[in-house]
Amino acid sequence: MSERTLVLIKPDGVKRGLIGDVIARIERKGLKVVAMDLRTLDAETAKAHYAEHTERPFFGELVEFITSAPLVALVVEGPRAIEAFRQLAGATDPVKANTGTIRGDHALEIGENVVHGSDSPESAAREIKIFFPDRF
Ligand code: IDP
């Protein structure tokens, strides 16, 4: 059974030239990119996307960072795509992320950890609707 997940290549990943690396890993795994867009988020969209973190102390920093420069939003499809991409991404804290994962190979700071991937089918549906309201 195929499912979809929302992936973001965050501003740090775009700035550092990692778009190709991230997409190559997605495709090498056998997952398919079914939508893709380079854009700079406005604060409203960023707050909606990270709504579950509203009360966290780092929320302001998170919104500021994710809106600071262009990111790439992708919808990725395949069998167990949500879990498959989370495995490719590695742990949230890039120092703890295994080598061989996107975060493990490319990042050191939790606030600049290169990618986002939906964490559940409910989040994926909600996030895909925020980024690609008319596409799915
Ligand atoms: P996830 O991206 O691995 O799903 P979440 O816990 O959903 O991790 O957190 C969302 C994002 O918020 C993380 O990817 C990270 O960039 C940022 N973040 C999480 N914890 C912290 C923190 O303690 N300080 C700064 N940023 C954080």
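Using N, Cα and C of the backbone, Cβ positions are placed for all residues, glycine too.
TrEMBL annotations: computationally assigned, not manually curated.
As given in TrEMBL:
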{"type": "ACT_SITE", "residues": "H116", "note": "active site, pros-phosphohistidine intermediate"}
{"type": "BINDING", "residues": "K10, F58, R86, T92, R103, N113", "note": "ATP binding site"}
{"type": "DOMAIN", "residues": "2-135", "note": "domain 'Nucleoside diphosphate kinase-like'"}
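Following the DSSP three-state reduction, the secondary structure of H116 (active site, pros-phosphohistidine intermediate) is strand. Taking a C-beta cut-off of under 8 angstroms and a sequence separation of 6 or more, R103 (ATP binding site) has the following same-chain neighbours: A89, G90, A91, T92, P94, A97, N113, V114, V115.
For the binding site of ATP, formed by K10, F58, R86, T92, R103, N113 according to the record, the largest Cα to Cα distance is 22 Å, rounded to a whole number. In this structure, T92 is the one among the binding-site residues T92, N113 with the smallest number of other Cβ atoms inside 10 Å of its Cβ. Ligand 1 lies under 6 Å from the Cβ of F58, out of the binding-site residues K10, F58, R86, R103.
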